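Enquirer: Reproduced below are the annotations present in TrEMBL:
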- 77-105: domain 'Alpha-D-phosphohexomutase alpha/beta/alpha' (DOMAIN)
- 149-198: domain 'Alpha-D-phosphohexomutase alpha/beta/alpha' (DOMAIN)
- 346-505: domain 'Phosphoacetylglucosamine mutase AMG1' (DOMAIN)
- 556-590: domain 'Alpha-D-phosphohexomutase C-terminal' (DOMAIN)
Amino acid sequence: MISLHPQVLSPNDDTSPSEVLRLLEKYPPRLPRYAYGTAGFRYDATVMDAVLVRVAVFCAWWYPQLQAGNGTAPETIGIMVTASHNDESYNGVKLVAPNGEILADPIVQGQLTDWVNSDSTESNQAGSKHPIRVWIEQQSTNTKSPPTCIIHIGHDTRSHSPSLTELAVKTIRALGGQVIHHGVATTPLLHHAVFHQNPQRVPSMIPIRPDAVGYYQLLSWSYLALLQTAAAQDSNSNTTKRLVVDCACGVGYPSVKLFQSTLQGVISPTCPAAPTEFYCINGPTHGPLNENCGSEHVQKSMAAPQWYRDESNSDALPWEYCAAVDGDADRIVFFHKNSHEFFLLDGDKITVLICEFLQAQVAALKQACQEQQQQGGNINNSMGQLTLGAVQTAYANGASTKYLKNILGSDNVLIAKTGVQHVHHAAKSFDIGVYFEANGHGTVVFGPQFYSYIAQAEALFMAAESPRPLSLQRLRVLPALINQAVGDAVSDLLLVDAILHIKGWDLKAWNQLYSDMPSRMSKLKVTDRNVVKTNENDTICLAPENVQEELNAAMKEWNGRCFVRASGTEDVVRVYAEAETRDAADQLSAKAEYIVHTLCGGVGDPPKFPASRM
Ligand code: 16G
Ligand code: MG
């Protein structure tokens, strides 16, 4: 169902600004105001048509401004139509910048929001036209060669995604643009395609593979290469494990299936089979998207997903080693369930696992390089050091932050604002930056010093004709296995599976690294969630007045931590609380909910306080 190669749709024979003006008129904004949320626009699908037409116009208008214009290849951008973990009734749109990352520039986001909300069919009330409308009118009607813009588009498996995507495609082609249409795609596949389509952005250690075939080959090769380092270490048994992957009834299902078939094609006598069998459940036609399944359900409800194919038999599934991805497969959590226990390994646990692994590899490589240099009588300090850091959000469980600070040092653990755009950016301040939100969004990013260090280490061992140490083999392969543009549930699945295999761990051993503090996440309806403003990393509420003072008093009373913020994907205010005991966390959460209800315009009856949830 995922297209192996995208379809290239050339511009319309004649560029047609009048067709674009007609589309703008036909699909006027259907809300008083569309807000750019945590990851783009996300609303009920019935009001998204206007957004798709306008986002497409914006991309065509923005594209020429992104080109260096000095003879370098044009840089593409992308539009992903998805509402991720939201239910089927929603849809949304995320923009991919030329570096393959999610659009993070607040100025561009502001311009886009302004345009989406402008009365773009006519002169506005003040009688002036929006500059982008003026730009459309100035476009000539001649055929454009080369295309005015090149834009990648993909969509998830929602029933309304193809028609919304089609609106954007039509608009771009009418403006003389070329569309690289990926059809059904995961969000990270689209990011990967844009990143690899702009090859000057891709470090030379990563082979360029701009389409689905190439991407899954890259994942297969690098996954097997990483697993082979475990075989070399000989720390594991040869038994095959089954990893159940709940795909949220979405695009993760064909994505993992495509990976599996690609992997089969890559395995050869010299390259042994993987020790893990991936068993996908909950595909797009099996049940309702994200309903009682997928990573959002598993993480928020702390429960195994419903198995839609054969509910009666769901106990028959071995739920020992399981993962759940979300509706567009850009996040993942792991879980284990048996007759007497359920435990979740969320983004925090993933961060800790990966950081421990990387720290050990970096230390081993440093030592191996020093020994090699000593043997050669050539101590060369020019390789420098590698900084390894972790980025979390305010939702990170306090126990994970404490653990990370212990192993990495306090300065190497940052708390950034909620949303991939913020955590990804912060992670780039390290040579190796690991970021995961508790909800499972995350990846590892490698900076220029990392690539230079690895290249120097390779040169060192090659010159000495010495075998490359395992640490070097492992670190060398990671940038190809780990999506450098955005977190990918499939890539993260493979990375975690390979690390567990190398360590010889099951989920229990991993889970025992630390114990989460009791916490609670809740959400409240308020009249206007936009009245709630927070500081640069969501830890302090700046408005309405007195909210933070009241929260401070509650935190003191229950000896815990809590914060509140407006959701960027749902019409609610979210509350997070954690404390030393379950009761204290519940009491603190109830108090914080009460504060939000009374000071932020809560709708309906105030939540009960003290809590009666025991
Ligand atoms: C979106 C964000 C995610 C964030 C979540 C918070 C991306 C790609 N996704 O899913 O990072 O954690 O929103 O949701 O940025 P909220 O604003 O509703 O709490
Ligand atoms: Mg998602």
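Just so you know, glycine gets a Cβ as well, placed from its N, Cα and C.
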Enquirer: Near the domain 'Alpha-D-phosphohexomutase alpha/beta/alpha' (77-105), which same-chain residues lie under 8 Å Cβ to Cβ, leaving out any that are not at least 6 residues past its ends?
Expert: 37, 39-45, 48, 51-52, 55-56, 59, 62-63, 66, 112, 149, 151-156, 158-161, 164-165, 168, 185, 187, 190-196, 198, 201, 248, 288-291, 294-296, 326-328, 330-331, 420-422, 424-425, 484-486, 569-570
Enquirer: Using DSSP, break the domain 'Alpha-D-phosphohexomutase alpha/beta/alpha' (77-105) down into helix, strand and coil residues and give each count.
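Expert: Across the domain 'Alpha-D-phosphohexomutase alpha/beta/alpha' (77-105), DSSP assigns the residues as follows: 0 helix, 13 strand, 16 coil.
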Enquirer: Sort the residues of the domain 'Alpha-D-phosphohexomutase C-terminal' (556-590) into helix, strand and coil with DSSP and give the three counts.
Expert: 12 helix, 14 strand, 9 coil
